[in-house]
Every structure is written in structure tokens, then in C-alpha cells.
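Novice: Take a look at what TrEMBL says about it:
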type: DOMAIN; residues: 633-725; note: domain 'DYW'
type: REPEAT; residues: 78-112; note: repeat 'PPR'
type: REPEAT; residues: 180-210; note: repeat 'PPR'
type: REPEAT; residues: 211-245; note: repeat 'PPR'
type: REPEAT; residues: 314-348; note: repeat 'PPR'
type: REPEAT; residues: 385-415; note: repeat 'PPR'
type: REPEAT; residues: 416-450; note: repeat 'PPR'
type: REPEAT; residues: 555-589; note: repeat 'PPR'
Amino acid sequence: MKMRTEGIEPNEFTFVAILSACIRVLESELGFQIHGLVVKMGFLDSTFVANALMGFYWKFTGNLRLIFNVFDEMPQRDVASWNTVISCLVKEGMYEKAFELFRVMQGIGCFRADFFTISSILSACEGSNAFMKGKEVHAHAIRTGLEGNLSVNNVLIGLYTQCGRVRDVAVLFESMPIRDVITWTQMITAYMEFGLVDLAMKVFNEMPEKNCISYNALMAGFCKNGEGLKAVKLFIEMVSEGLELTDFSLSSVINACALVMDVKASEQIQGFCLKFGFGSNVCVEAALLDMCIRCGRMADAEKMFRIWPVEHDNSVVCTSMLCGYARNGQPDEAVLFFLRCRLEGTMDLDEVTLTSILGACGTLGFEKMGEQIHCYALKTGFVTDLGVLNSIISMYAKCGNMNDAIKVFDIMPIRDVISWNALIAGHILHRQGDEALAVWSAMEEAGIQPDTITLFLVLSAYRHTNLDLVDDCRKLFLSMRTDYDIEPTSEHHASFVSVLGQWGLLEEAEETIENMTVEPKASVWRALLNSCRIHLNTTIGKRVAKHILAMKPQDPSTYILVSNLYSASGRWHCSETVREDMREKGFRKNPARSWIIHQNNIHPFYTRDKSHPLTKDIYRGLEILVMECQKAGYVPDTSFVLHEVEEHQKKEFLLYHSAKLAATYGILMTKHREPIRIVKNIHMCGDCHTFMKYVSIITKREILVRDASGFHCFRNGQCCCKDYW
């Protein structure tokens, strides 16, 4: 303005400078006025001014139409003009249009692509996974003498990483005459993408200079490869060295805490974020919510959700909460939350949402709702998603409907290893070992490569076969490394030990554990201990119990097992000490819970539960049921009460177990001769198992109970598990 008042007329350099200044200081209004002045004074014909205008419009509007208007009206263009338009197209993800413009530029002949052009086109190749086109552009860069250009090579590292060419990435990096911090950081990202954590750390340690972005790349790589503890340690190093912490740094360490699933560490990192003012950042908030969910802190997640800002997108957070309820053993809460969100219109149904709610329906045995979700998926086209179809198979199997599970599997146009695993797991859940092995044979014939879960399931199937197929099971177990390149884990050993124990080969089972090359987990010993209980082998059982008691518990299930063993042997003080230690470490025992779905409502019961509206009727009915069963020969087995109380109190404890309460409610509320369907979150105790047999006799009803071991079908005093569970 001062120039104009003093009579000095601006030229093209003035306009370029002022437009650049507008971009730097974010002065959009002045920039629009300058455009008008440019047109008025006839400087739109200037290539430099037009280029500056295109840069200005991209910065403030992102409107490609305005940019192309300027570009199309240019009487003369230079390389920078083409570069500006091509880079804008790439940033907008319009890769084919960028390629087309690049071909037009090359066809004109008077323009030679520079490093900026090549870098932009290589970015387009990376974004569109156009690997062959990227190789062509790379060859063009070599022909035009740009093979040593730092910017081009940095983009090439990203391209070859995206295309999964680790060898090409390594060769390119070694051949680079110049490297900067971006180069080194990209190599860290590349090696982490390929799962080469050690090489990524080597590159990081050799970096001549590091910045917070380098640290962030390494930390994100650790998280990507499941190395949560290393990521947390790296974050502590960043804090101690006073490096800049960005929202990406915080999101990565929060994700690391979620991977470690350490409750105390998650609470500390949440406090750190709040203390330093990151709590109001939407990315950090979302990561904190996810961390709370994955660490089992659903109460804290609910608090965060209740105060979630209205202006932020709620759909993603709602999906996270739904997944959290499903993952943390609260399937009924998941269903209620899902219904509420759908009523309020705050949740978009996508593949993740459908997979989670189908999982919750399967856990609950809520088949009617699962069918409705299946119908919705059919109507909306989500049945084309492999993950949704796999979840539908699993849902039907868990709800006791193997026929529909098989139908869904049979009509699938494409199947992956998870599809086969879901069907095999369904048969095992129904104790249909021969059917599971038939699916396994079909899977091998189809040429599907099994994963570690497949082999665990197939080994487990041999527990439920009609004939003794231990030799086949042993052959599979011993061939895992050679035939399938899968190293047997503790889970595989536990499954094989269960099969040996099932068929009475307890000595071989014990020998198998003793010959393990790694320290056996509690689950392996538990498998043998259960077999000793079934076959009444106290000699081996005592030796197994000693091994378990000598172990230092690392998870809730081992704590409970050790505590129960102490209780069973009358060492009540030791049992309480173990439980106290468990409480101090923040572990919780999930209380025994049984439920029935009646009239589309979930009716849950806990041991000695009196919260149900029909409690009086249920308790009175149960007392009558017990008396009738006792007349038929039922005798309560108080050995399953692991509490230091009098004998009469033990009988009272047994009387009001959750499965008995659920069965009584089912009998009271359903029609005569209608099957009773019960789901239990843990293994059914031996006394409840015996009780259900007698109930099936006196009520002439079929009672279906799904517990942690699978389905029990009680009919005429017999159970389909043949008392092996």
C-alpha cells in the first residue's frame, strides 16, 4: 500500500513476494484482493505470478477447479507450473489424473521433469500401489541423471516399502550418496513395516542425528510389531532427554501401554497426558479411551465417553466402546449399548461394528438378535466382507446352530484360514470331533495353509472323536515343525496332553510335559491335572499339583488354579495369601455367571443371586427341584465347595449355584417339554453337572448348557460330554 501511495507501481516480483507473504502469514483476504489487482494490471500473463496464485489457492481453498482455471489461462508455463498442479492432484489422491498430466507434460517435449516432478509422480505411484509404474519412473529418473537426488531417493524408499520390496529398499539406501534425517527415519519405518525390528534399531543407533520424528517412527514401529514394553522405555528416554513430545508421540506410547495391558502403567500415562495438557487433543483422547478399553478399565472408559465433546465424531468412539464391552467379558452391556446407539443414531454400522456385535451375540447365545444382524448384513451388502461372514459362522456355532453355520460357510465365495478355523472351532464346541477332522481334511485338500490356531483346534478335535485316534494326533503333533513350519506352543502342548489324558495315557502325557524345551505354563499342567481327576489317578495328580503350586502365577487363571488347589487340600491360609497377592497385582476373578435368553431379554444369575424380580419363585422352585432330584438319587457333592465353612453351609452354597438358578428360571418360564438353553461363563462344576442329569429325568426336558468347555446336552439322565469336560 505504501508503494502505491508513493507512486511506485508493483511488478511481477512484487506480486510473487506479496502472495508468498500471504501464504506465510495466512492472510487469505489480502491474497484474494491481490488476485484482483493482478488481473486489473495485466500481470496474469506472467508465469511467475500465475504460479504464485496457484500456490496461494491450494493453500487456502484446496479447490482444484480454481487452480486449473489459472493453469488453463496461462499463455506460458514452466516446469514449476506443471509441478504445482501435479503435486496438488497427488495430495488430493487423484493419482490417475496426475499420471495423465505427467504424460502430457512429457509429450510437449520442451519441458524436462525435475526432481520435484519425479518426487510427486513417485508419491502417486506409492499412493496407488502402482509398483510397475513406479519402476518405470525410477528408470526415467536414472536416465535423466536424478538417481543421486536426495528427494527422489527418499520417495523411492517409501515406494519400495509400500510394495513390499525390502531388498530394493536396502540396496537403494546403501547406494545413496547423500542421506538426511528423513532418509534414516524412512529406513526405520521401512524395516518396521517388514517386521525387522533389530535392523530398524540398528539404523536408529547409527543415525548421525536424531529428532523427535525419528523417535516417533521407532516407537510406532515397536507398537506395530507388538513390542509395547520397548516403546514405553523409548518414550521414557524421550522425556528424560527433553525431546519435543507431539500428539503422535503420546498416541504411540498410549498404544504401547494398551499392548502391554498393564493397568498401573496405563493410569500413569493418562495422568501424564492430563498434566501436560494433552488431554484436550482429540487424537490423544481417542487413544486414551482405546487404552482404557484394552487394559480392562471399562469404568474409566465409560467416564471418558460420557464427557466426550459433542462436536467430535461420536461414531468411531461408539464403535470402540462396543468393541470394549465385547472384549472385556461384558457382552450384555455390548448389546444394550449397541441398541441405545442405534436408537440415538450415534453409531454408523460398518464391518468392525457388525463383527463386534455378532461376537457379543455369539458369546451370549443370543441367536435371534444374531439372525437380525445377519439379515441387516445381507440387505446392506456387508456379507461380501470376509470378516463379517466369519463372525456369522462363529455366532451361529456358539448359539448351538451348527446347521446354519455350515450353510453360511458353504455359500462363501471366498474363504480364508479364519473361515476354516471358525467352522472347526464350532464342531469342537459341539464336541463333534469327527466332523471337525473332516473339515480339516477338506481344508488340506483345498490347499489352505493352516496357522497356529488351526493346529491347536485340530489337536483339540481328537478329544471328541468316537474312536481312539491318539496315533493320528501324535503324528500331527510331532510333524508340526517339519510339515507346517509351526513351532508348538504351550497351547499346542496343553491340547495334546488333554488328548492323551482323555484316552487314559497319563504317563505319556506327563512325559510329554517333562520333555518340553521351554518351561511349561500352568495351562499345560492343568490339562494333565484335569485328566487325573477324570481317571481318578491320585498318584500322578499329586505330582502335577506340586508342580503347579511351585509356579509363580503370572495371570488370573493361574492364581485361581493355585488358590483352588490349596483350598482343596485344606490349606486355607495359603489359599487366602494367593488371593491377596492376586488382588494387590490388580487381577480380578470373573465371578461365576449363568444366563438365559427369554423373550429377547437376557436374564443373568450369580451364585446366591437375589437380584432377579422373580427371586422368591425361583428359590422356591429350586428347593422343590432339589428335593425331587434327591428322591431320584441325587446327592450334593460338597467337595466342589472351596470355602472353609461347615458341611451344611457347603450344601447351601451348592444349592444356589448360578447354573441351578438359571435352570430353575428356565423351567418356570418355558412351556412343558421345551428345551432349556443356558450359557455359563466358566466351567460348570461337577455337582451342577450331576444335578442337570437328574433334572433332565424328572422334568423330561432337554437341557442345553454351554460352558467354557463347550456344549453339554442333558437328556434322560445322560450328557453328550460323557462326563469328560
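Cβ from N, Cα, C; glycine included.
Whatever TrEMBL says is automated annotation, not expert-curated.
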Novice: Sort out the residues at least 6 away from either end of the repeat 'PPR' (385-415), same chain, that have Cβ-Cβ distances under 8 Å to it, and list them.
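Specialist: That would be 351, 354-355, 358-359, 361-363, 365-367, 370, 373-374, 377, 422-423, 425-427, 429-430, 432, 446, 448, 677, 704, 706, 711.
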Novice: Restricting to the repeat 'PPR' (385-415), what is the model's mean pLDDT?
Specialist: 96
Novice: DSSP helix, strand and coil counts for the repeat 'PPR' (180-210)?
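Specialist: Result for the repeat 'PPR' (180-210), in helix, strand, coil order: 23 helix, 0 strand, 8 coil.
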